[in-house]
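First the structure, in the form of structure tokens, and then the observations on it.
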Amino acid sequence: MAAALLLLRGLRPGPEPRPRRLWGLLSGRGPGLSSGAGARRPYAARGTPVGPAAAGGHAPQSLLLRILTPSFEGISGLLLKQHIVPNAVRLWPLSGSTLYFNTSRMKQKNKDNDKPKGKTPEDDEEEKRRKEREDQMYRERLRTLFIIALVMSLLNSLSTSGGSISWADFVNEMLAKGEVQRVQVVPESDVVEVYLHPGAVVFGRPRLALMYRMQVANIDKFEEKLRAAEDELNIESKDRIPVSYKRTGFFGNALYALGMTAVGLAILWYVFRLAGMTGREGGFSAFNQLKMARFTIVDGKTGKGVSFQDVAGMHEAKLEVREFVDYLKSPERFLQLGAKVPKGALLLGPPGCGKTLLAKAVATEAQVPFLAMAGPEFVEVIGGLGAARVRSLFKEARARAPCIVYIDEIDAVGKKRSTSMSGFSNTEEEQTLNQLLVEMDGMGTTDHVIVLASTNRADVLDNALMRPGRLDRHVFIDLPTLQERREIFEQHLKGLKLTQPSSFYSQRLAELTPGFSGADIANICNEAALHAAREGHTSVHTFNFEYAVERVIAGTAKKSKILSKEEQRVVAFHESGHALVGWLLEHTEAVMKVSIAPRTNAALGFSQMLPRDQYLFTKEQLFERMCMALGGRAAEAISFSRVTSGAQDDLRKVTRIAYSMVKQFGMAPSIGPVSFPEAQEGLMGIGRRPFSQGLQQMMDHEAKLLVAKAYRHTEKVLLDNLDKLQALANALLEKEVINYEDIEALIGPPPHGPKKMIAPQKWIDAEKERQASGEEEAPAP
């Protein structure tokens with residue numbers, strides 16, 4: 001230990017530097033080290049300054065230069081000859097300046113950091129630059145220690161640069177060819193060092209390494225064995241290889257081991273110190289980085305983000321979240337009236353409706369720090385990291401107040417806490433949730449930190465998270481209405497090169513896509529542009545949008561799937577049954593298109609209807625929807641006297657509608673006006689039902705009666721119009737795709753009056769009329 005401390009003192013420049021000891025370590029000549037290279041030569045030109053010292057260098061460098069001026073041996077000489085280190089004085093910067101080995105400044109900075117001060121953007125930048133300087137300083141120290149360790153390793157392994165050889169290679173490739181200059185025996189290790197002549201050729205190639213090692217079994221009889229080999233090779237006495245013996249000193253090996261140990265410990269100390277500095281939690285811990293909240297800071301002042309004008313639709317939601325932005329921009333307008341801004345808001349709604357997009361707009365418009373983090377990033381495998389990251393996130397938010405914290409997909413950490421004693425609860429998630437509750441509204445909660453969160457599973461969130469004082473404002477973002485869909489289409493059509501103005505497409509596309517989310521609408525616009533580019537068009541046309549809508553609904557046509565003639569007939573009658581029942585009944589949607597082309601979503605055909613924006617349904621409307629879904633199954637049974645598995649999805653829809661009418665809508669007279677929630681699976685797949693087994697049997701019976709009644713009614717409609725069913729099926733087998741105009745020409749208009757629809761043929765005719773009038777250029781062929 002004393003030797004290690006002595007070595008470290010020699011590495012640390014101070015008022016009285018010790019360059020002799022440093023260079024002795026670098027050159028490999030320490031006390032007690034023996035070498036066969038000869039004795040140290042006396043110093044020459046000791047007082048003659050050269051290099052940087054002659055130009056007025058620093059005093060430590062001048063002192064080191066005066067001592068290191070003579071010719072060098074070992075690794076130092078090799079470095080100088082190869083111009084890796086052009087001058088010995090260059091070794092001084094490698095070991096670091098006096099600042100790098102002085103910790104007094106660091107301690108003073110740490111004391112300054114402990115002083116309380118308010119954070120401004122300038123302070124944040126200054127603190128960031130200071131931490132970068134400190135990190136750079138410790139990296140320089142690590143770099144210096146690595147260089148010292150590398151040099152010491154080179155000094156120790158320089159003699160082994162040629163590798164090991166066998167006795168046969170030594171005799172046949174070296175000794176017999178006269179390439180050996182001398183041999184040195186190391187008795188303690190049973191190793192023989194073979195030194196070659198400069199420019200020696202071994203194994204047919206010139207070798208740069210002039211020393212090789214050879215392991216010998218009986219080192220005492222090596223010289224005898226060597227002379228016997230020379231006799232066999234008829235080598236004359238004057239050309240015999242000289243043999244010398246080398247004994248390693250114990251003190252030199254011990255000093256080298258202590259030096260490497262000291263350097264290794266110093267490297268480890270600096271690594272842990274650097275890790276402790278990097279963590280914002282402070283302290284000497286390498287796990288501080290794991291505890292840091294990995295949030296994203298959104299700077300709204302750059303002007304590159306999403307504004308409220310870029311968010312189409314969602315008028316009510318934008319109005320509610322705009323209050324947070326107005327409060328952060330001008331809080332005095334609210335405070336003078338005694339109003340308090342809500343502590344947080346929860347954005348709810350189906351996937352793809354724009355919750356995250358609205359949060360991005362808030363980040364841009366608020367002009368305050370916006371810290372965004374995803375819910376799954378809180379929870380890791382290591383226990384306790386979730387709570388630590390919550391503390392880190394809110395600590396940073398309070399330092400930057402006024403500030404907005406946004407947690408996306410909060411259901412990952414905000415699920416309801418388990419109340420059972422079964423032991424299956426997730427303790428890590430509950431700890432994270434508890435810490436989040438405390439940070440949002442606890443003893444140390446401060447104002448001017450607003451929390452935004454989004455999820456599409458509000459039913460699983462804990463009640464304590466959604467109470468007033470935490471996420472007290474719930475903003476529901478539902479699927480867009482007709483007007484909102486038109487605005488969203490207008491927004492996404494701005495970036496496309498269209499044949500007609502965007503207003504020509506937006507209203508029609510909005511009517512074609514009821515129930516579509518904003519993400520679906522963006523996908524339709526993108527698919528239309530991709531299809532136009534794939535077809536080689538110079539602009540996006542109407543049929544490109546038709547293709548995009550059809551692709552999103554049913555998938556793209558799969559031309560590689562070829563059906564047999566019999567299967568094509570079954571699919572044609574199946575789809576004709578859907579279309580005919582929907583055409584003849586009163587409360588069904590308009591049939592826009594019927595196709596028997598296979599699709600990539602495993603559908604062998606589809607009937608495209610035009611659903612209406614309808615929120616209330618009568619019993620008759622739901623019943624006729626069941627009949628329309630059963631039209632394909634009934635058409636198969638009537639036409640072929642058998643049924644296939646193609647109606648699986650239709651039967652699933654019919655069953656769901658029937659049970660909804662009985663269990664939730666109260667439309668079954670025998671059950672009465674009661675409503676039960678949908679069945680949810682509990683622990684181990686066992687569901688809890690709020691009704692008896694007898695009532696369940698009654699509801700099953702009522703649902704079965706409804707489905708049977710709908711099927712009988714569907715069969716009657718098809719049997720009364722069997723010729724029309726045959727005509728539709730034949731047209732499908734001939735054309736593969738028929739639309740509203742084709743159906744009307746085949747079987748006449750709907751008996752209950754024209755249905756609300758957007759006919760693709762009329763849309764195309766309208767576009768052609770515009771083009772004929774010269775308002776826009778003609779579409780590309």
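A Cβ is built for glycine as well, from the same backbone N, Cα and C atoms used for every other residue.
As recorded in Swiss-Prot, the features of this protein are as follows:
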- 1-43: transit peptide (TRANSIT)
- 22-56: region 'Disordered' (REGION)
- 36-56: compositional bias 'Low complexity' (COMPBIAS)
- 103-135: region 'Disordered' (REGION)
- 109-135: compositional bias 'Basic and acidic residues' (COMPBIAS)
- 145-165: transmembrane segment (TRANSMEM)
- 166-248: topological domain 'Mitochondrial intermembrane' (TOPO_DOM)
- 249-269: transmembrane segment (TRANSMEM)
- Ala312, Gly352, Cys353, Gly354, Lys355, Thr356, Leu357: ATP binding site (BINDING)
- Tyr505: 3'-nitrotyrosine (MOD_RES)
- Glu575: active site (ACT_SITE)
- 701-781: region 'Interaction with PPIF' (REGION)
In this predicted model, what is the average pLDDT of the region 'Interaction with PPIF' (701-781)?
78
Return the count of C-beta atoms lying within 10 angstroms of the C-beta of Gly354 (ATP binding site), excluding that atom itself.
25
Enumerate same-chain residues with a sequence separation of six or more from Thr356 (ATP binding site) and a Cβ-Cβ distance below 8 A; give 'none' if the list is empty.
Asp408, Ser454
Measuring Cα to Cα, tell me the gap between Lys355 (ATP binding site) and the residue listed as 'active site' in whole angstrom.
38
Long-range neighbours only, meaning 6 or more apart in sequence with Cβ under 8 Å: which ones does Tyr505 (3'-nitrotyrosine) have?
Phe489, Leu493, Leu498, Thr542, Phe545
Give the helix, strand or coil assignment DSSP yields for Leu357 (ATP binding site).
helix
Counting only residues outside Ala312, Gly352, Cys353, Gly354, Lys355, Thr356, Leu357 in the same chain, those with C-beta within 8 angstroms of the ATP site's C-beta centroid are Val311, Met314, Gly349, Leu358, Ile477, Ser517, Gly518, Ala519
Going along the chain, which residues six or more apart from Ala312 (ATP binding site) have their CB under 8 A from its CB?
Glu484, Glu487, Ile488, Glu490, Gln491, Gly518
Report the DSSP secondary-structure composition of the topological domain 'Mitochondrial intermembrane' (166-248) as helix, strand and coil residue counts.
29 helix, 25 strand, 29 coil
To the nearest Å, how far is the Cα of Gly354 (ATP binding site) from the Cα of the residue listed as 'active site'?
35
Would you pick out, from the binding-site residues Cys353, Leu357, the residue whose Cβ has the largest number of other Cβ atoms within 10 Å?
Cys353
For ATP, whose listed binding residues are Ala312, Gly352, Cys353, Gly354, Lys355, Thr356, Leu357, the greatest C-alpha pairwise distance in Å:
13
